[in-house]
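So that you can see what the record holds, here are the features copied from TrEMBL:
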TRANSMEM  26-51  transmembrane segment
DOMAIN    41-296  domain 'G-protein coupled receptors family 1 profile'
TRANSMEM  57-82  transmembrane segment
TRANSMEM  94-120  transmembrane segment
TRANSMEM  140-162  transmembrane segment
TRANSMEM  174-198  transmembrane segment
TRANSMEM  204-226  transmembrane segment
TRANSMEM  238-259  transmembrane segment
TRANSMEM  279-298  transmembrane segment
Amino acid sequence: MERTNDSTLTEFVLVGLSAHPKLRTVFFVLVLWMYQMILLGNGVLISVIIFDSHLHTPMYFFLCNLSFLDICYTSSSVPLILDNFLTVRKRVSFSGCMVQMFLSFAMGATECVLLGMMALDRYVAICYPLRYPVIMSKNTYVPMAAGSWVIGLVDSVVQTSLTMQLPFCANNVINHFVCEILAILKLVCADISINVISMAGSNLIVLVIPLLVISISYIFIVTTILRIPSTEGKCKAFSTCSAHLTVVIIFYGTIFFMYAKPKSKSSVGADNQDIIEALISLFYGVMTPMLNPLIYSLRNKDVKAAVKNMLGRRNSDGI
C-alpha cells in the first residue's frame, strides 16, 4: 500500500486485475473487441438516423443522443481500462483521474435521465397517437434531450467538486480499473457525510425520479395496449416499446447495484469484493453500450430498411 497525505497526493494507482495476469490478457482482448463493436454499432446507428429523412422523428432523435452518449461514455473510460490491463499498476495523475471521473459520471447520469425522456415519448406515442405530432414537436423533444445533458453535467460537476476537496490521507491505491467515484471515496480518511448526502440526492434525481417516470409511463402504456382489440395491433404497439424496456432493465439493473448504496468507509469488504464490484461496473460500462444498437435495430424494420438503403446507395456509388 502506498502511503500519502492530502498535501503530497499527486497521483492514484489503479490496481485492477494486477493479481490475475491471465485474466488481464483475456479481458484486454474482450474489452478491445467490445469497444470496437460499440464504436461501429453506435456509429452506424447515428449515421443512419442522420442521413435517412424517414428517421427524423422524436424517437430516433432520442436514440441518436443515446448512441452518442454511449460512445462518449465508453471513450472516457475504456482506453484507461485497456491501458490498465497492459500495466501491472497503472498510475494516473490526480487531475487526470478527476477529469475521467467527471466525464464518466456525467455521461452515466445523462443517460439515466434520457431513458426517462424516451419513456415519456413512448407514452405519448402509444396513449395519444393522434396528438403525438403536436405534443412531441421539435420545440418539445429538443429541450427534453438538452435538459438531460444539462442535468447530467451539473450533477457530475457537483459530485466531482465535492470529491476533489476531500483529503486522501490513507493511501492512493484504487481497487478498480478506472477512477470510479465510489472506489475513490473509500480512500478518504475524513468525514464524507456531505458526499453521502449529495450522492443520495443524485440517486434521487438521476435514478429514482427517471425510474418512476418510466414505471408510470409503462403502466399507462400496458393499459392502453391491452385495450387494443386486435392481436396484431397489440404486438405492433408493444414492439415500439420493447427495445427501450429491454435497455432500461439492463441499464438500471446494473447501475442500481453499483450506486444505490454509497459507502462511507474503506473498511467495507475485502479486495475480492472490490474486484467483483469493478467487474460489474465494467459490465455496466461496456456491455450495455454494445447491446443498445443491437437491441434497437434487430426488431426495428425502419432501421433495417434505412441501413439497407444506405448500403445500397454506397454500392451504387462505388459502381
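Just so it is clear, glycine is given a Cβ too, placed from its N, Cα and C backbone atoms.
All TrEMBL annotations are machine predictions without curation.
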* Do at least three CB pairs under 8 A connect the transmembrane segment (140-162) and the transmembrane segment (279-298), leaving out pairs fewer than 6 apart in sequence? -> no
* Would you call the transmembrane segment (94-120) and the transmembrane segment (26-51) in contact, using three or more Cβ pairs under 8 Å, pairs 6 or more apart in sequence? -> no
* the domain 'G-protein coupled receptors family 1 profile' (41-296): mean pLDDT? -> 85
* Asked: Among 26-51, 57-82, 140-162, 174-198, which stretch has the highest count of C-beta pairs below 8 Å with the transmembrane segment (204-226)?
  -> 140-162
* Stretch of maximal Cβ-Cβ contact with the transmembrane segment (140-162) [cut-off: under 8 Å; candidates 26-51, 57-82, 174-198] -> 57-82
